[in-house]
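This report concerns only the one structure given below.
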């Protein structure tokens with residue numbers, strides 16, 4: 001019938017062929033979708049090279065994928081967990097010892113020895129913030145109005161013959 005969840009027992013040859021191609025991409029199709037025999041000799045070599053390159057990329061990607069859903073979390077015993085944890089910690093120790101340039105950097109400056117008290121204190125009143133902003137604006141205005149007037153020449157020529 002036409003329902004979303006209905007199942008039909010009789011499949012057409014084309015449906016079976018499509019399922020076969022989807023399930024097994026390495027199988028070569030015996031018929032094209034229109035029923036004609038495929039002509040492999042008419043394909044240009046660039047197309048086959050591109051297809052081979054794409055197939056190799058797909059194979060590399062498939063070999064690098066870890067199927068997390070297929071991993072059995074119950075199959076590992078505690079001593080295996082401990083061995084892996086020890087192995088990871090030794091790898092991290094080797095990597096951290098090779099990163100000596102990180103150790104040479106100075107630590108961040110500390111403005112206070114008790115930052116939790118500074119963060120827990122009362123916030124600065126808004127009037128104080130406005131006053132600081134106003135003073136900064138006055139200072140900027142005063143600095144921008146400074147002018148240098150040239151009264152005489154900067155380099156004086158002496159009468160040397």
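Each residue, glycine too, has its Cβ placed from N, Cα and C.
Swiss-Prot has this to say about the protein:
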- 1-43: region 'Disordered' (REGION)
- 3: S-palmitoyl cysteine (LIPID)
- 4: S-palmitoyl cysteine (LIPID)
- 20: ubiquitin cross-link (CROSSLNK)
- 27: phosphoserine (MOD_RES)
- 28: phosphothreonine (MOD_RES)
- 31: ubiquitin cross-link (CROSSLNK)
- 42: phosphoserine (MOD_RES)
- 56: phosphoserine (MOD_RES)
- 60: ubiquitin cross-link (CROSSLNK)
- 98: phosphoserine (MOD_RES)
- 103: ubiquitin cross-link (CROSSLNK)
- 104: ubiquitin cross-link (CROSSLNK)
- 121-161: region 'Interaction with LAMTOR2 and LAMTOR3' (REGION)
- 141: phosphoserine (MOD_RES)
Helix, strand, coil residue numbers for the region 'Interaction with LAMTOR2 and LAMTOR3' (121-161) per DSSP?
19 helix, 0 strand, 22 coil
Out of 56, 60, 141, which of these recorded positions is nearest residue 98 (phosphoserine) by C-alpha distance?
60
List the Cα distance (Å, whole number) between residue 141 (phosphoserine) and residue 60 (ubiquitin cross-link).
65
Helix, strand or coil for residue 56 (phosphoserine)? Use DSSP.
helix
